[in-house]
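Report on one structure; see the data block that follows.
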Amino acid sequence: MKIIEGKLEAQGLKFGIIVSRFNEFITSRLLEGAIDALIRHGAIEKDIEIVRVPGSFEIPLIAKKLAQSGRFHAIICLGTLIRGATPHFDYIAAEVSKGIALVSLETSIPVSFGIITADTIEQAIERAGSKSGNKGWDAALVAIEMAKVMGQLK
């Protein structure tokens, strides 16, 4: 029986990170977490490229562009959506999620989802490095593992 698993070893892998500037007081923590996870697992800074975009809605387009470039083993998407008084949150969250998934499926490049969707600012802060860990770190680990899995399936 053959079992394929990804190891959390980022040596030799190249990563694209897309980070939203909207809610930057939170997304900056996600970015720090993602970079820390990549470096601690063997990536080097020159193999990490960061693209800043205005908001989370813009992330899927840039993810597609980076994935199609052929320069990266995985793409990490980081953003924060906080529910407001209108349905805007629901539309943006749904479209960003669909867009990120579609990029991965269309390009066969792992695209990890580090987008916080929270009802309150407090919940978002908790997911960006306090009580609930750091979703940027988590997204980076997913990117490493999936890049390794995909490498074995070629």
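Here the Cβ of each residue, glycine as well, is placed from N, Cα and C on the backbone.
What Swiss-Prot lists as active site, proton donor is His88. Under 8 Å, Cβ to Cβ, and six or more positions away along its own chain, His88 (active site, proton donor) finds no residue.
Among the features that Swiss-Prot reports, 5-amino-6-(D-ribitylamino)uracil binding site is placed at Phe22, Ser56, Phe57, Glu58, Thr80, Leu81, Ile82, Phe113, with the record citing sequence analysis. When other Cβ atoms within 10 Å of the Cβ of Ile82 (5-amino-6-(D-ribitylamino)uracil binding site) are tallied across all protein chains shown, the result is 17.
A coil conformation is recorded for Arg127 ((2S)-2-hydroxy-3-oxobutyl phosphate binding site) in the three-state DSSP classification, outside any helix or strand. The feature (2S)-2-hydroxy-3-oxobutyl phosphate binding site is assigned by Swiss-Prot to Ala85, Thr86, Arg127.
Within the set of binding-site residues Ala85, Thr86, Arg127, the entry lying nearest in space to Phe113 (5-amino-6-(D-ribitylamino)uracil binding site) is Arg127 (CA atoms). Site extent for 5-amino-6-(D-ribitylamino)uracil: among the recorded binding residues Phe22, Ser56, Phe57, Glu58, Thr80, Leu81, Ile82, Phe113, the largest C-alpha separation is 16 Å.
When secondary structure is read from DSSP and collapsed to three states, Thr86 ((2S)-2-hydroxy-3-oxobutyl phosphate binding site) falls in the coil class. The most densely surrounded of the binding-site residues Leu81, Ala85, judged by C-beta neighbours within 10 angstroms, is Leu81. Across the annotated binding residues for (2S)-2-hydroxy-3-oxobutyl phosphate (Ala85, Thr86, Arg127), the two most widely spaced Cα atoms sit 23 Å apart. When the Cα atoms are compared, Phe57 (5-amino-6-(D-ribitylamino)uracil binding site) and Thr86 ((2S)-2-hydroxy-3-oxobutyl phosphate binding site) turn out to be 16 Å apart.
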